[in-house]
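According to Swiss-Prot, the features are:
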BINDING   226, 228, 298  Fe cation binding site
BINDING   319, 325  2-oxoglutarate binding site
COMPBIAS  12-21  compositional bias 'Low complexity'
DOMAIN    24-102  domain 'RRM'
DOMAIN    208-328  domain 'Fe2OG dioxygenase'
REGION    1-21  region 'Disordered'
């Protein structure tokens, strides 16, 4: 959900006591969707005092909103007329109103200053493709309902489900001798659509994806930088984003080994790595193949908010990803030996 972020003015800000309005934005408590008042209905009432740019949820309660006017004098007029009084046009509710100011998150809170692209071609990473609206809203709800009806495995900060083969986080690999069975039927439509993936020339007709990991990320939880172990999976990795958006950052280090990064310096990146970031909207499918799969770390910052171009995007309460892969049954012989566990061990 894209929305501005508002906070209470500081004590040093001009106040209404001085006779001058200090903001064109009002924090309004005791009204909202949770008590049967839509944002449009609220906007119509406040529009009597001036042009309303928008009405936004102030938090997740459903009973507190931000009313943003085009100018501060309209906000002042509305505050003086409505605050502390029952409003007949809003079901007679008494409104509690104060000024609010717009505040963008600090640079350290959003994307670590890495510019975010909206389309895959802007990154210029060979083998990386993003297809928006890969599934419909109805299909998204069906997929979420299907996994929510099944058993989740709790990890430290997220929940997972494994199908086909279990992914072992300790070794970052799979045990090919312990197959869990066929992939569930609810992913069949996804598999059929994957074989028609645009720009996919890696033998899709013969690709037999046989491993699925479903991850549920609460708001603010991301993913540490890593390259999927070369010996564990074949070339193509597909990741479907559901329920919420995120920023995925890609990092290529000038010096690297196949071992998973463990130090804080490696996790945060350093001057020897190239960083690029891509916005993954809900219902989009990401394909990592070739160089993108074998040589670039992928990473989801641990943020509750992200900055995309000039907009601040608040992450939803959950994001669910479906990652589909083909288990490898032979050593990897890719063109990127410095990142390859198979070739490093030869």
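Placed from the backbone N, Cα and C atoms, the Cβ positions cover glycine too.
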Quick check: with 226, 228, 298 left out, which same-chain residues have Cβ atoms within 8 Å of the centroid of the Fe cation site Cβ atoms?
223, 225, 227, 297, 299
Counting all other Cβ atoms within 10 Å across every protein chain shown, which of the binding-site residues 298, 325 scores highest?
325
Rank aside, I only need the closest one: which of the binding-site residues 226, 228, 298 has its C-alpha nearest to that of residue 325 (2-oxoglutarate binding site)?
228
Check the binding-site residues 226, 319 for other C-beta atoms within 10 angstroms of each C-beta and report the one with the most.
319
Taking just the CA atoms, what is the gap between residue 298 (Fe cation binding site) and residue 319 (2-oxoglutarate binding site) in Å?
17
In sequence order, which same-chain residues at least six apart have a C-beta under 8 angstroms from residue 228 (Fe cation binding site)?
172, 237, 288, 293, 325
DSSP composition of the domain 'RRM' (24-102), residue counts helix/strand/coil, works out to 28 helix, 30 strand, 21 coil
Averaged across the domain 'Fe2OG dioxygenase' (208-328), what pLDDT does the model get? Just tell me the whole number, please.
84
Fill in the CA-CA distance, residue 226 (Fe cation binding site) to residue 319 (2-oxoglutarate binding site), as an integer in Å.
19
DSSP says residue 228 (Fe cation binding site), in three-state terms, is coil
